[in-house]
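Chemist: To start, I am sharing the structure in question, which I have written as structure tokens.
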Amino acid sequence: MRKINFSAGPSTLPLEILEQAQKELCDYQGRGYSIMEISHRTKVFEEVHFGAQEKAKKLYGLNDDYEVLFLQGGASLQFAMIPMNLALNGICEYANTGVWTKKAIKEAQILGVNVKTVASSEESNFNHIPRVEFRDNADYAYICSNNTIYGTQYQNYPKTKTPLIVDASSDFFSRKVDFSNIALFYGGVQKNAGISGLSCIFIRKDMLERSKNKQIPSMLNYLTHAENQSLFNTPPTFAIYMFILEMDWLLNQGGLDKVHEKNSQKAAMLYECIDLSNGFYKGHADKKDRSLMNVSFNIAKNKDLEPLFVKEAEEAGMIGLKGHRILGGIRASIYNALNLDQVKTLCEFMKEFQGKYA
């Protein structure tokens, strides 16, 4: 019997995708070989590669103004690639909303970029999204869409005249996005859209001009990968294969509007369980900034019960509920592949646990 997996990433995958990958693992589409065994230069793999890029653009409703890049190194490599490629000679502005923005700021500073932190919620342990106003003439403005550790999320992105950079690693493909002022939108796919080893970057083509005539190593230059259709070197072929299966699954769900609707229902159910617990459970994030993806909470009346909660949840068939080591507590990551019944099972367990130990 499969466990209900609330892991923050890598995370649970739709069962039908796992079953399809299992079916095709040794014999891809009846060809007599695995997709893992063939060259990335073959027509067979190129159909997967380019098909995945087109379907990703289709889900977000993007036209040819954007390039889709498949890269390696995780989203963390983008912390350096972004300033390397997109910083000019001005100020690069960052909103600091958690661990991942702090790391991005640090990487930009290492590169000698003129970094300005224009807003931060660190003083309140990142329990909210701070109000931010980016200047009009910065080289770029940078935000992290969703914060896996602290359970906060931008409900709407800031409207800026300067190019907006969005780290969407933990709410990738979970909702429709207004790209009108987004210059680069990226994430590792292992939470909501596949397995680890692949990063997907949507970059507006005019931004590629910034990489020209810069002394950047080829592998770290966006232009290199755009000009070579993300085939400059051997790509993570199996991760891209899993990614196209995820794109097909999302399209079959009805697209991102339908996916967002389901995600909202799941989150509402879980937050209601916390809010109606008479203070037994307490969420970390301010209500107005609560994440639809990651629900971080404590057993407020007795935090010593939290390890027992995780243990008994595992015994009941639910894994991945231990909070991040930085914040502690309990965290339920309810990404796209988790369904409403699975979240309902967690809520029922929470009520039973409260009944035993309140």
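Glycine is no exception: its Cβ is also placed from the backbone N, Cα and C atoms.
Swiss-Prot lists these features:
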- R41: L-glutamate binding site (BINDING)
- A75, S76, W100, T148, D167, Q190, N233, T234: pyridoxal 5'-phosphate binding site (BINDING)
- K191: N6-(pyridoxal phosphate)lysine (MOD_RES)
Chemist: Which ones in the same chain are close to S76 (pyridoxal 5'-phosphate binding site), with CB under 8 Å and 6+ residues apart in sequence?
Modeler: K103
Chemist: Return the member of W100, T148, D167, K191, T234 nearest to the residue listed as 'L-glutamate binding site' in space, with distance defined Cα to Cα and candidates limited to these recorded positions.
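Modeler: Out of the listed candidates, the nearest Cα belongs to T234.
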Chemist: Please report how many Å separate the Cα atom of A75 (pyridoxal 5'-phosphate binding site) from that of the residue listed as 'N6-(pyridoxal phosphate)lysine', as a whole number.
Modeler: 12
Chemist: Cα distance, K191 (N6-(pyridoxal phosphate)lysine) to T234 (pyridoxal 5'-phosphate binding site), nearest Å?
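Modeler: Cα of T234 (pyridoxal 5'-phosphate binding site) to Cα of K191 (N6-(pyridoxal phosphate)lysine) measures 23 Å after rounding.
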Chemist: For D167 (pyridoxal 5'-phosphate binding site) and K191 (N6-(pyridoxal phosphate)lysine), what Cα-Cα distance in Å is obtained after rounding to a whole number?
Modeler: 13
Chemist: Looking at pyridoxal 5'-phosphate and its recorded binding residues A75, S76, W100, T148, D167, Q190, N233, T234, figure out the farthest C-alpha pair and report it in angstrom, whole number.
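Modeler: That value is 31 Å for the farthest Cα pair.
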Chemist: Under a three-state reading of DSSP, tell me whether S76 (pyridoxal 5'-phosphate binding site) is helix, strand or coil.
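Modeler: Where S76 (pyridoxal 5'-phosphate binding site) sits, the three-state DSSP reduction gives helix.
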Chemist: In angstrom units, rounded to an integer, how far apart are the Cα atoms of K191 (N6-(pyridoxal phosphate)lysine) and W100 (pyridoxal 5'-phosphate binding site)?
Modeler: 15
Chemist: How many neighbouring Cβ atoms, not counting its own, are there within 10 Å of the Cβ of T234 (pyridoxal 5'-phosphate binding site)?
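Modeler: Here the count is 10.
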Chemist: Please work out the number of neighbouring Cβ atoms within 10 Å of the Cβ of A75 (pyridoxal 5'-phosphate binding site), leaving out its own Cβ.
Modeler: 25
Chemist: Tell me the Cβ contacts of N233 (pyridoxal 5'-phosphate binding site) under 8 Å, same chain only and six or more apart in sequence, or just say none.
Modeler: M219
Chemist: When a 10 Å sphere is centred on the Cβ of D167 (pyridoxal 5'-phosphate binding site), how many other Cβ atoms does it contain?
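Modeler: Summing over all protein chains shown, D167 (pyridoxal 5'-phosphate binding site) has 28 other Cβ atoms within 10 Å.
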